[in-house]
Amino acid sequence: MFGGIDPALLIASLMVASVPILLAATGELVVEKAGVLNLGVEGMMIMGAVCGFITAVVTGSPALGFLGGAAGGAGLSLLFALLTQVMQANQVASGLALTLFGLGLSSLLGQGYVGIKPPHTGAVPFGPLADIPFFGRVIFGHDPLVYLSVLAVAAVWIFLRNARGGLILRAVGESHEAAHALGYKVRRIRVLAILFGGAMAGLGGAYISLVRVPQWTDGITAGAGWIALAIVVFASWRPWRVLLGAWLFGGITVLQLNLQAAGSGIPVEYLSMSPYLITILVLVIMSSGRGRAALNAPASLGQNFHAAR
Amino acid sequence: MNRRHLLATAALGLSLAFGGAASAQDKTKACFVYVGPIGDGGWTYQHHQGALAVQEAYGDKVEIAWQENVPEGADAERVLTQMALGGCDIIFTTSFGYMDPTNAVAKKFPNVKFEHATGFKRESPNVSTYNARFYEGRAVQGVIAGRMTKTNKIGYIGSFPIPEVIMGINSYYLHAKKVNPDVELTVVWAFTWFDPAKEADAAKAMIEQGVDVIASHTDSTAPLAEAAKAGGKVIGFGQASDMTEYKPSPRVSSIIDNWAPYYVKRVGALMDGTYEQQDAWEGIAGGEVQIGEITDAIPADVKAEAEKLRDDIAAGTYHPFTGPINKQDGSAWLAEGQTAPDGDLLGMGFYVEGIKGDIPK
């Protein structure tokens, strides 16, 4: 115990609090690595939140709910893929439009679902492991999505680093002309990356409406998608740093609320601004190091490609 | 398109705009600005119910319009200007943070009536303010909280440190303390009106600290959802809206904002020409603050005690802020038997004696 806060509970709740932004940021990382800037994360998250909620309520199964959420997010991202990859629309504008559209559509879909409770998502049964002091609560007391979010980071890391597909994806993101000249299907790869990003954002959204705040309310994601976008930049497009960023941001948000509840003497103003302040600090430190953070951005990020030549 | 054609089009557009304004005059247009989504299940939802009541009451004679999710600040000013230009005769701005935008826009449109909820600035004659005495409802919740807590720790999720919220905190604490002298209050400031995930986190942080009765001053049902996860050990209250989906527990009672009578009255006054600038502040007696059903999760004697307090307040025989009450620093605020003047309440920037922690500036 420090300052009246139980660290085991604190770490456990920060892991839970950061799952939505972690999932969404991991998906967006892959999208941006493929050279596509999709600013519609917020819209895809909230579509995932409402689709996941509806699926879970109708079928009674949280697992199907998460699948429905991923499908909802991916479905909306398909629209983005159509606009930017087929019709060559501007990515920034399309992404922003996607967010606005997602917010409106989710509100429409969710009309009949306000005030309903979704089926409960239980913790993974680890049996006796969950009874180990401290570690039992911190590591073995969560629902499946918490583990999945960490596994997803590891999988994306290995994929981008070692898998052939990952190398192709990065090539597409660095120089789509060169990748095209080598015979890779730039547009197809990008569409797949966008779909993956949409599914991950949808999953993150569904986590909010099914686990963190088990209910449907208009605008339930309340800006989490924008934080996920920022974390990708914060992480300078590296998977493990995404994890760090998400936990840092989620952690400080939870910590400041806990410090308030525990009656620490620190003025609330400082506590409330701390997540943003520390994020800025870390950004400054990281980018001042070797001045490479900005250089790490995929070279073709945000540029449309059409195979004219 | 040549220049003459362009001018002709512009002239046509202008005449259409004026024509539109003229034809709008035989119908009164009431507009509403909301800080959150209508589907929040709380604050904004209740205002919208009031707007719908206006439509119902006057049918074809009124037209209502609204805009959701309007940020407090410069954006609000744009939205208000647009509404005033768009033929609104009366505009209700339904959040404290619209205070300055409302007054600024009202100066430019003297023929449009502005009604600002929960504020205190009426800088031009066409600005009225209205509010509800929510602290009366908080008193009832305080009694329930003080009687029901087993850990003697009760919590309050604050949104922003404004008089409205501080008033609620003080009233809640005073009445919990009155029935349970050992009670301790934990206040967590969320610095948002609407962010379900953050509201749930705030509730969770309190529950981890042993708080078992949570009142919230934010707009969503998330704190109740979090309380429900604790498996019956934690109770809470519906805020702004009845939040019946969490009955009978964790939602054991609620404060319902009932704006319909006020909206219907004001729009009606505007239509029959009796409209005047005013500063309305009604409570349980006027029907603007309703206490939602106290469920069976509360023992009968506590329920009776809470209901008696509610009825006393409604009858005007009891004021929730009746002296002796000291400020947090120990200095005297109200003497024995003295009740709080409205001016003190509307500018309240201090905790009463016994509450720990500081109010953020």
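Cβ atoms are placed via backbone N, Cα and C, with glycine included.
Where the annotation comes from TrEMBL, it is an automatic prediction and has not been curated.
Listed in TrEMBL for this protein:
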TRANSMEM  A:6-24  transmembrane segment
TRANSMEM  A:36-58  transmembrane segment
TRANSMEM  A:64-83  transmembrane segment
TRANSMEM  A:95-114  transmembrane segment
TRANSMEM  A:134-160  transmembrane segment
TRANSMEM  A:191-210  transmembrane segment
TRANSMEM  A:216-235  transmembrane segment
TRANSMEM  A:242-262  transmembrane segment
TRANSMEM  A:268-286  transmembrane segment
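Using a cut-off of 8 Å between Cβ atoms, the transmembrane segment (A:216-235) and the transmembrane segment (A:95-114) share at least three residue pairs, counting only pairs 6 or more apart in sequence.
The transmembrane segment (A:6-24) shares more Cβ pairs under 8 Å with A:242-262 than with any other stretch in the list A:134-160, A:242-262, A:268-286. Away from its own ends, the transmembrane segment (A:268-286) comes close to residues 230, 234, 236, 245, 248-249, 252-253, 255-256, 259-260, 293 of its chain (Cβ-Cβ under 8 Å, at least six residues beyond either end). Remote same-chain residues near the transmembrane segment (A:95-114) are listed as 37-47, 49-51, 53-54, 57, 76-77, 79-80, 83, 216-219, 225 (criterion: CB distance under 8 Å, separation of at least six residues from the stretch ends). Outside the transmembrane segment (A:64-83), and at least 6 residues removed from its termini, the chain residues within Cβ reach (under 8 Å) are 38, 40, 43-45, 47-57, 89, 94-95, 97-98, 101-102, 105, 118-119, 145, 190-191, 194-203, 205-207, 209-210.
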